[in-house]
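Novice: Handing you this structure, nothing more for now.
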Amino acid sequence: MAAKEVKFGNEARIKMLRGVNVLADAVKVTLGPRGRNVVLDKSFGAPVITKDGVSVAREIELEDKFENMGAQMVKEVASKANDAAGDGTTTATVLAQSIVNEGLKAVAAGMNPMDLKRGIDKAVIGAVEELKRLSVPCADSKAIAQVGTISANSDEKVGILIAEAMEKVGKKGVITVEEGSGLQDELDVVEGMQFDRGYLSPYFINKQENGTVELENPFILLADKKISNIREMLPILEAVAKSSKPLLVIAEDVEGEALATLVVNTMRGIVKVAAVKAPGFGDRRKAMLQDIATLTAGTVISEEIGLELEKATLEDMGQAKRVVITKDTTTIIDGVGDKAMIDSRVAQINQQREEATSDYDREKLQERVAKLAGGVAVIKVGAATEVEMKEKKARVEDALHSTRAAVEEGVVAGGGVALIRAANGIQQLCGDNEDQNVGIKVARRAMEAPLRQIVANAGEEPSVIANNVKAEDGNMGYNAATEKYGNMIDMGILDPTKVTRSALQYAASIAGLMITTECMITDLPKEEKPDVSASSGGMGGMGGMM
């Protein structure tokens, strides 16, 4: 086991505080409408320019191991806030820095660290209640666009694009962000259920001009098995031919004579058929087939539940108004499924999503919900260079997370005003002893830090403006972009309540742990052994050679 270096008390806390301040000082310059850029060097490729707090935090690794521990703990604050609400990382970092700095001053002055922490926790619980009271629901497109604009560093086009996307696919619909190919941002909405599987044979194509298969009012056969024997399908093919409607076959695979027969039937015009592979793999494929069955009012033909393909009838088929199949995708538009059944299926998937432990599973379940509920919106980010593209994409993703959080828990006045009002709301709060009262003061003082930092980044005097804002009440605050005072909500400067709440809770939680730290342990750096081969004066045994 490697030898360890141990530091105690004040010596440990000072080292940790240095690390906290290095990371927080790098992150906090990005806060507010006039936040500055941070340039990140990459081991390959061009440097990345960003205003995203969590991107800056992730890059920082300090040489001194004790200082690095402090920096990594603040990085955890930014990460936790980002995971919970998708934004508010810089605010959380500024809050944590303020609580740690003020808290450690109090510890150095002889206060009991545990009572300080209890006081801070009390203040945060009170402030969170106050934020909930101040919160206003975020229901209309205008408010959603304003939240998106603020989070995308005052880029109005991004806010409007996100509001449009939410209008089209619903507030809980799936909205993804991709790198576009042009200079302009674009919104692409896929209506209906789309999955990444194309036609199994180009001979199914019936729209030669764009190379797609289009089926109007088709029957949809869903089979959880490989189909290679055409005899299994003959009864259903005959029934479909009599109905003179087209048929879409979605199965694990269609191969051999079964595929050949479907192609021949299509080419001769006997029955209009197309076949695609079922989406997903394993259990996810079974679940997605069941989703399609719910959407189209069909039944999945599966031997696991005793259904055989030979005995399938038209009653087992799903139906939709239209199906469009390209080389890579299949889109089912307007399935005839019962709305109550679809809602029930969506509720069931949402329940699974809440219980899922991995982000990947949650994302896939959310996609399934959106496909059932009516569509997916893709925001394609446009930019002139790759560096700008990466920076912009990160901002758009932040803005998207913010708007989701706003829809979930409502909005409060932005620009650090809500935290100032929350701090005022807990003025009368008292702890069990004087040390707890100091903890409450530390937390209340920290709640001013985001406003002060926004003002400092705008090149103004923080103390003057903070005092002016504190003298007002309600949503009155300072707009750093226009350098004017006014009603923040009316000016469209909003923060999602969830983002502000998460930032405060995570900052206080981790800062509280740092204040109560008494000992730090790290590995001693390993001594590098001298390179023996380099120090020997030449190659052994070859002294006489020239």
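Even glycines carry a Cβ here, placed using N, Cα and C.
As listed in Swiss-Prot for this protein:
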BINDING   30-33, Lys51, 87-91, Gly415, 479-481, Asp495  ATP binding site
REGION    527-546  region 'Disordered'
COMPBIAS  537-546  compositional bias 'Gly residues'
Novice: By the count of other Cβ atoms within 10 Å, pick out the sparsest of the binding-site residues Thr30, Thr90.
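Specialist: Relative to the other binding-site residues in Thr30, Thr90, Thr30 has the fewest Cβ atoms within 10 Å.
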Novice: Under a three-state reading of DSSP, tell me whether Thr90 (ATP binding site) is helix, strand or coil.
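Specialist: Note: Thr90 (ATP binding site) is helical by DSSP.
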Novice: Hey, does DSSP put Thr30 (ATP binding site) in a helix, a strand, or just coil?
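Specialist: In the DSSP reduction, Thr30 (ATP binding site) maps to coil.
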